[in-house]
Amino acid sequence: MDRTAEEKSNVVEELLRENGGWAVIDGGLATELESNGADIRDALWSSKCLFTCPELIRKVHLDYLEAGASILITASYQATIQGFLSRGISQEDSEALLRKSVELAVEARDLYLKKCPQKRQILIAASVGSYGAYLADGSEYSGDYGEYVTLETLKEFHRRRLQVLVEAGPDLIAFETIPNKIETQAYVELLEECNIDTPAWFAFSSKDGVNIVSGDSLVECGSIADSCHNCVAIGINCTPPRFIHDLIISMTKITKKPILIYPNSGESYDPEKKEWVKSAGGSAEDFAPFVNIWHEAGASLIGGCCRTSPDTVRAISRALKGGA
């Protein structure tokens with residue numbers, strides 16, 4: 001049954017009410033696909049799996065649902081029409097792959113609910129990665145796109161992709177790993193220009209616990225997102241756990257909307273070698289002690305990003321239920 005615009009805007013609030021004030025987001029997709037045998041050493045990263053091993057994407061989604069996730073993020077973070085076109089994939093097939101990312105998550109939800117004795121609400125969030133993710137040059141972690149990338153450049157880059165994802169019928173749009181102010185503004189303007197009524201969340205990344213990765217003010221970027229009619233949650237992703245608490249406190253000062261956090265394992269990404277540099281703090285056991293502290297500080301939607309796993313999500317769920 002199709003939801004009205006008002007019903008769509010309330011999906012996150014409904015989920016939080018159902019769960020007693022918190023909900024669990026899934027964990028890292030690309031690195032979990034890799035752990036399951038997928039080869040993602042490619043400029044298309046996890047989106048390559050949309051045409052090489054879609055069944056594996058569905059499996060990972062199911063693994064996260066069984067671990068306790070209530071929100072699945074689609075395999076479209078690095079899926080762009082421009083990226084697919086560069087590989088010789090047609091416009092029509094590129095758009096079909098974007099729709100497939102949503103369909104796979106919906107299929108996983110349907111399979112899970114069919115065998116789950118206790119029915120519960122599960123939301124599908126269509127991921128929109130940054131322009132820097134498409135470039136695959138590490139600029140998603142710096143926000144430095146150069147002087148020739150303008151607001152209009154970014155809007156035209158994202159426009160059709162966003163429209164196709166919305167047409168596929170997700171419950172939410174997840175603008176993720178937003179690295180700078182200009183892309184935040186581009187997303188807000190696109191939602192209005194395209195007359196999109198699907199709710200959206202805005203998740204920024206930080207490498208110092210104060211600003212977002214470009215050096216732009218988190219408070220300023222968060223305020224731009226907060227002013228957006230579609231925005232139903234704001235927060236932080238792909239950021240080391242050690243910075244999360246202070247960032248939550250900053251977010252509580254600029255929004256009354258639900259705050260979401262899904263940090264990475266604490267490792268850092270080397271864009272030249274295209275690999276993660278190991279550091280402490282990536283196991284499920286390391287995540288668990290912080291979860292209730294983050295919740296008490298103001299975060300209500302909690303999950304994991306790069307290098308986290310179903311074990312991480314299981315530990316988050318257990319902690320929020322009072323078992324850790």
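FYI, residue positions are counted from 1 along the chain as it appears here.
Quick reminder: no glycine exception, Cβ is built from N, Cα and C everywhere.
As recorded in TrEMBL, the features of this protein are as follows:
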type	residues	note
DOMAIN	11-320	domain 'Hcy-binding'
BINDING	CYS238, CYS305, CYS306	Zn(2+) binding site
Considering every residue in the domain 'Hcy-binding' (11-320), what is the mean pLDDT value?
93
Of CYS305, CYS306 (the binding-site residues), the residue whose Cβ has the fewest other Cβ atoms within 10 Å:
CYS306
